[in-house]
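Trainee: Got these off TrEMBL a minute ago, pasting:
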{"type": "COILED", "residues": "48-97", "note": "coiled coil"}
{"type": "DISULFID", "residues": "Cys106-Cys288", "note": "disulfide bond"}
{"type": "DOMAIN", "residues": "105-361", "note": "domain 'Olfactomedin-like'"}
{"type": "SIGNAL", "residues": "1-22", "note": "signal peptide"}
Amino acid sequence: MSGRLLPVLLLSLCLTVGSVQSQGSSQDAFIIQYLERRLSQMEVRSQVDGVSVRVERVERELEYLENKIPTQTDIEIEEALLEQQIKAAELDQLKKKAKIKMEKDCSAALTQIKSLKIVKKVGDTSGSWFRDPSEGSAKVYLLSGIRNNTVLEFVSLQSFAERITTPPAKVLQLPFHWQGTGHVVYNGFLYCHKADTPNQIQKVDLLNGTVVDSTLIPGAGHVPVYGLNLNTYLDMAVDELGLWVIYADPEYGGNLVITKLDKGSLAVEYTWDTQCRSRDAEGAFLICGTLYVVYNVHYGGRSTIQCLYDIHDTIHSVESPVMFFPKRYTSHSSIHYHPGDKQLYAWDDGYQTIYKVETRVNDQTTAEYK
């Protein structure tokens, strides 16, 4: 019975009952009782019909939800697939890490910073200078200050050291500004932190000064890489294994992080979180995949290496003595290692300085490569 007919029928029955009650005969009384029972039955049926409609609606909604909500089996399958994907990603990272280790038979470990040579004093109190470590290159590069778009190129170290440079330095004007003192040149390409960006590295062809590639370093650029060099957020480095970037990550207590980059594509090959703090650090460099962090004091003092991190996990800070730089009570704004001549090129309060280093063969690393 439809909902619209039921009220009409109930009204009609009520009028009939009223009419019969006025007659008052025994037969009429029977009819009245009959009609009252029918009215009661119809009211109950109406309620049941309403409940039935609601039940059907709930059943339809439950069926819809069952189709939308995955079963426990589906959830277990998805969790297993996610776990499999995570393991595959971890395995891929381990393969990359192993490839980095096996790339070259590099087993040198730093034992001493032997001597100091002041080559020249030119430019601002902060800056960076270095040689291109690629084989066969003798060129020297100088980037003065903490923000500029100029790169000076010298044909050799001897030419740079002369009071009157012969031939004159080549002045390269870049189409953007760099910032900090963490630049390097590798195979004729400049790798530097682009100014006004938190973590963008530019790769520049120094033959024509054009940008050939760029990348963003995840997690970098939130805080200065070294507590004593507040204008440098990304520090590029080159060692026997290739191109690196060093930075500090606040998510790891501000400790230093090292990332291996592909020098061609700038793709991230692997990243290591170290236990070396950025606080009181003034610089760092890598030798054969080992990070050496240089510490000092705010007013300038004797620089020391107090923390190291070896990606091969064969050299540990607790087993290595503190290494002192030759006495010169100032501070460094940049330190770059040259894997070819085993020297450090440092910018020391406006002085371009060279430190010679001594290394030993790390027997554990050598055994690992065999």
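Cβ atoms here come from the backbone N, Cα and C positions, even for glycine.
Any idea what these are sitting next to in the structure?
Mentor: In the predicted model, the coiled coil (48-97) has a mean pLDDT of 61.
Of all the Cβ atoms in the protein chains shown, 22 others lie within 10 Å of the Cβ of Cys288 (disulfide bond).
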Trainee: Is it possible to get the count of other C-beta atoms within 10 angstroms of the C-beta of Cys106 (disulfide bond)?
Mentor: 20
